[in-house]
Every structure is written in structure tokens, then in C-alpha cells.
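A short worksheet on the structure shown next.
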Amino acid sequence: MKWVTFLLLLFVSGSAFSRGVFRREAHKSEIAHRYNDLGEQHFKGLVLIAFSQYLQKCSYDEHAKLVQEVTDFAKTCVADESAANCDKSLHTLFGDKLCAIPNLRENYGELADCCTKQEPERNECFLQHKDDNPSLPPFERPEAEAMCTSFKENPTTFMGHYLHEVARRHPYFYAPELLYYAEQYNEILTQCCAEADKESCLTPKLDGVKEKALVSSVRQRMKCSSMQKFGERAFKAWAVARLSQTFPNADFAEITKLATDLTKVNKECCHGDLLECADDRAELAKYMCENQATISSKLQTCCDKPLLKKAHCLSEVEHDTMPADLPAIAADFVEDQEVCKNYAEAKDVFLGTFLYEYSRRHPDYSVSLLLRLAKKYEATLEKCCAEANPPACYGTVLAEFQPLVEEPKNLVKTNCDLYEKLGEYGFQNAILVRYTQKAPQVSTPTLVEAARNLGRVGTKCCTLPEDQRLPCVEDYLSAILNRVCLLHEKTPVSEHVTKCCSGSLVERRPCFSALTVDETYVPKEFKAETFTFHSDICTLPEKEKQIKKQTALAELVKHKPKATAEQLKTVMDDFAQFLDTCCKAADKDTCFSTEGPNLVTRCKDALA
């Protein structure tokens, strides 16, 4: 489509980058309106998530009491929208509830200062006090029998506990998706608690839901980080790229409408406006299902599902078939003699169309890569359109994309080859060594958590078809590295990490990949107690055993950052043999106390 057609389209429809599908009338009582739209069950679930994400230390019972009070008040407003306080904004109503909590300052410290502010500053203040790494004990899943007994006694309370425990550990979890995962959890329990062998039915199914939910959480946190640091424009660019890949037959106007509304929905959830977010997400799903003809041929299966499953399905729907007759992208964006004129007349829209056209042709690229290419294209036009002969200057821009494309492709090949050779645990260890060398000042628990999460990319992505690997690997790594940055921001210790985390979100992964050994680091002193183990390690679950061994590995690298792969392998093999021998010994304690010091000596000698 020629650029002039885009301009006509904009002229007729207003700004294609500013209009969405939501067309809501103002309501006398916002809370009554949301209660009516969402229904009591979803309303109560969302209010519980909201309170749990703001007040992460409160017990379930405290939150359940607040939820019931808010629900009762909403019902009053449904009955009479002109009743006292029903016209107040949701922020005001929720904020007043939070500020009325007994002992707020004793339990939450500076968060209590937010209560001296007026809206919207008060809500912004609450958001700033959300803790991405709250000091809560790990969530332990009860035994199958105990879980089924609790579930059968009171399914509503059981699922309420699930929402509360997940939400307070993940204060930016996408609330409508958390309702979806709770629904999945409920269905699994309903099915498995009727089985004779509850444990073997529940464990794999609940593990699967947990894994998907954790990935959903880190992805949503990255979206909120993008919104918080770079504003709506950056998020909308992400949405345009992602939607264009998924719906390559939709026209630019349709994609920008969807991107505008997706941006609104995510902004609401990231800002804690969970009732609006869930309501608008349902509206967006409804719009997509009513307009399948102009969006995608792949939506019908999703649209046949009930609300929560429908919205989840639409967010993960497979890519539509790419149009067969797409012209070369160079025609409008390189060869056209009026590129600079078109760019100057409407920069954001011109760049938006470039991103749309490039993305719909490349479902095999990651969104991060597509945004880096758009950024390169923008920088080229900024430079070239100021020169005497712009076409000669920007004529090679598409060829200049090649190094940017090759870098992540090489990353995927190298890492997937390594994963196939080592398996997940060995691959995690390789990443742990790599990242400890890059940022040895970062705390060992943070490095181990990051390496374990980054290492899962192999299992998650390397078994996929070739054309799906790159988007899977890079977009997953970007989300995990965002968490590394969030944790590092609280207690910055590494200039390397600060440098990568301070720049653009889409440049972070390449920045981390390019880091080398930190030459400024003064190695840690070798401490024997760091490598001293006791017989209790023998009875730990496999995951916790791995974490203990990976903690020792990170400490070894901090002691000897330039240790060779062979040296580290020798030490870790010796360590594994030591554990195997002592855990099989008749007198484990004696074995650990006598062989442990010998292991420490051998470690020091191997790394000398």
C-alpha cells in the first residue's frame, strides 16, 4: 500500500495511533459499573489480587475481610448509584481502604506516608512501594491428600488462598491472567481429587500450570517496566510489532487500533487498576471475536471458549498465514523518492507503518530484534534526511540490518548447541559461570536464580522448529534479564549490570551478551566454610541439591574469576563424587566431617 493511502486513512479516521475500540459512556458510580460488568466472582477475585499486590505482608484473612467490605459496598452502589461515596473513583475507594489498615506504619514503614497524599499521587506512591522480591517464605505446595481435603471443604476459600499467595509474591502479575490460572488450578483439583492416586494426577499438572504462570509473571513485569521507564509509546511499538507478526493479514489501521487498546489494558493493570484492566480486556476480546474477518482466520477456536479461556487463548493464538503477494519492503521505505517527506510529515505513523510492514514479514524474528531494526531505521532517516542527497545515504539501510539480525541468530545457535550437549542442569551451570564472571559483585542467590531461569530457555525454546527459536529465546531472555535489573536497582553493586540496565529495554540482552570478565573485580578470599557440607544435603529434593551445588560453583568463580572451564569441571566433578560417596556411606556424618576438609584442600589446589 502506498504511503499516500496511509495519510488518507489517517485523515478520514482521525489518528490511527490514538483511537481504539473502547467507547464507554461515563457512569455515575464506577464501582457499580465494574461490578455489573465483571460479575461477583471475578470482581471479588480482582479486588483480592489488588489488595494482595499492594499490601504484601497481610494475611489472607485480613485481605478477605477487606474484599468482603468492598464487595458489600459495590452491591450498595449497584442498588442505588447515588448512595453516599458511590461516585468516588476506584483509586480513592481502594486507597482509603488501604490507609485504614490498623498498624500500617508498624508493618509497612514508609508506605504509610503515601496516605498523606491526594489522588493520583497517593496511588503512584503505593505503586512505588510494591516489592518485586518480598521477604516471604517460598510457597510450599501441601501434600495431595491435605490439598484435596481443603479444596473439598471450601473451594472458594482454597482458591482465594491461591490468588493471595501468588499475587503478593508477584505484585505485577497480570490480574485477568491470574484469574485464568486460578481457574486452571480449580479444574485440575476437581479432576484429580476424584482419582485414586491423587499425587500422580496432581503433580505434573500443577507443575505445568506453575511453570506457565511464572513465565507469564516475568513477561508481564517486563511490560510494566517498559511502561514505567519509557512510557506508552514504547509499549505501543512493542504491541504493533507483536500484533503484526500474529495478524499479518490485518491492515495497519486495525493493528494500531488493537495496539492502542492493548496498551490501555496493560497500563491499567500495571497501575493497579485491575477492575478496569479486566473489564477492558474482556471488551477487547469481544471486539476481536466480532471482527475476525479483518483480523485473522485463526481466532474462531479461541472465540468459542468462555471469557477467561478466550482472552488467554487470543493472547497466545498462532500466527495467521502470511499474505503471498507482499511487495518488497524497499519499495515504500527505501526506493520511494519521498521517504524523507513522508517521514517528516508524520514521524510516528511512518515509523509505525515500517514496523508493521517489517514485522508481518518476519514472524521468525523476536519483537526485541524488530524494535532494534526500527530504531536503526529511524536513526538512519534522522541522519540522512538532513544531508544533501538523502536517497544515496539511506539506500543501503536494509543491508545494514544484517549484523543486527546475525547477532541473535548466532546467539541462538551457540546456546542451543550447548544446551543439546550439556542438558538443562549443565547448561544452567555454564550460564552461571558466564554471568558470575561478567558481574561477580552481584549476590550469589541472585546469580543462581538468574542462571537457573536463563538456563530453562534451552528446554523451553531449543526443541522448537527453527523459525520459532529466535523469538522464543530472545524474548524469554529479555524478560528474565529485566528481573535481574529490577533486583539490581535496589542494591546496585556492579557497574557492568548498571550499564546494561540503564539503557533501552530492547538493547539489554545484546548488552549482557557482550559483557566480558569484569577486570575491576577483586577476587573473594577462599573460605572453607563456603564449601563445607553436611549430611542433610543427602535428603534434599533434587532441585535444592542443584541450588546448593550451583551456589558453591558461583562462589568458586568469585574466588577465581579467570578459572578455566577445565579447572571448574575438575572441581565440580570432584564435588559431585564427594556427595555421591558420602550420601551412600553407612555413617554419613563421619564421611562428611572427614572427607569434607580433603575436598576443600583439593579445590584450592585445583584452582591454584
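Using the three backbone atoms N, Cα and C, a Cβ is placed for every residue, glycine included.
Lifted from Swiss-Prot, the feature list:
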- Glu30, Glu268, Asp273, Glu276: Ca(2+) 1 binding site (BINDING)
- Cys77-Cys86: disulfide bond (DISULFID)
- Cys99-Cys115: disulfide bond (DISULFID)
- Cys148-Cys193: disulfide bond (DISULFID)
- Cys192-Cys201: disulfide bond (DISULFID)
- Cys224-Cys270: disulfide bond (DISULFID)
- Cys269-Cys277: disulfide bond (DISULFID)
- Cys289-Cys303: disulfide bond (DISULFID)
- Cys302-Cys313: disulfide bond (DISULFID)
- Cys340-Cys385: disulfide bond (DISULFID)
- Cys485-Cys501: disulfide bond (DISULFID)
- Cys538-Cys583: disulfide bond (DISULFID)
- Cys582-Cys591: disulfide bond (DISULFID)
- 19-211: domain 'Albumin 1' (DOMAIN)
- 212-403: domain 'Albumin 2' (DOMAIN)
- 404-601: domain 'Albumin 3' (DOMAIN)
- Ser29: phosphoserine (MOD_RES)
- Ser82: phosphoserine (MOD_RES)
- Ser89: phosphoserine (MOD_RES)
- Lys229: N6-succinyllysine (MOD_RES)
- Ser297: phosphoserine (MOD_RES)
- Ser443: phosphoserine (MOD_RES)
- Lys460: N6-succinyllysine (MOD_RES)
- Ser513: phosphoserine (MOD_RES)
- Lys543: N6-succinyllysine (MOD_RES)
- Lys558: N6-methyllysine (MOD_RES)
- Lys588: N6-succinyllysine (MOD_RES)
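In the three-state DSSP scheme, Cys385 (disulfide bond) falls into the coil class.
Note on the domain 'Albumin 3' (404-601): mean pLDDT across this stretch is 92. Figure note: comparing Cβ neighbours within 10 Å for the disulfide-bonded residues Cys86, Cys224, Cys269, Cys302, the maximum is reached by Cys269. In terms of C-alpha distance, the listed binding-site residues Glu30, Glu268, Asp273, Glu276 place Glu268 closest to Cys224 (disulfide bond).
Annotated Ca(2+) 1 site Glu30, Glu268, Asp273, Glu276; additional same-chain residues within 8 Å of its Cβ mean position, judged by their own Cβ, are Arg34, Leu90, Leu274, Leu275, Cys277, Asp279, Asp280. Cβ neighbour count for Lys543 (N6-succinyllysine) (all protein chains, 10 Å cutoff from its Cβ): 8. Cα-Cα distances to Ser89 (phosphoserine) place Glu30 within 10 Å, out of the binding-site residues Glu30, Asp273, Glu276. Of the disulfide-bonded residues Cys77, Cys99, Cys77 has the largest number of other Cβ atoms within 10 Å of its own Cβ. The Cα atom of Cys86 (disulfide bond) lies nearest to that of Glu30, taking the binding-site residues Glu30, Asp273, Glu276 as the candidates. If you take the CA of Glu30 (Ca(2+) 1 binding site) and look 10 A around it, the recorded positions you hit from Cys77, Cys148, Lys229, Cys501 are Cys77. Note: the CA-CA distance between Cys77 (disulfide bond) and Glu276 (Ca(2+) 1 binding site) rounds to 17 Å.
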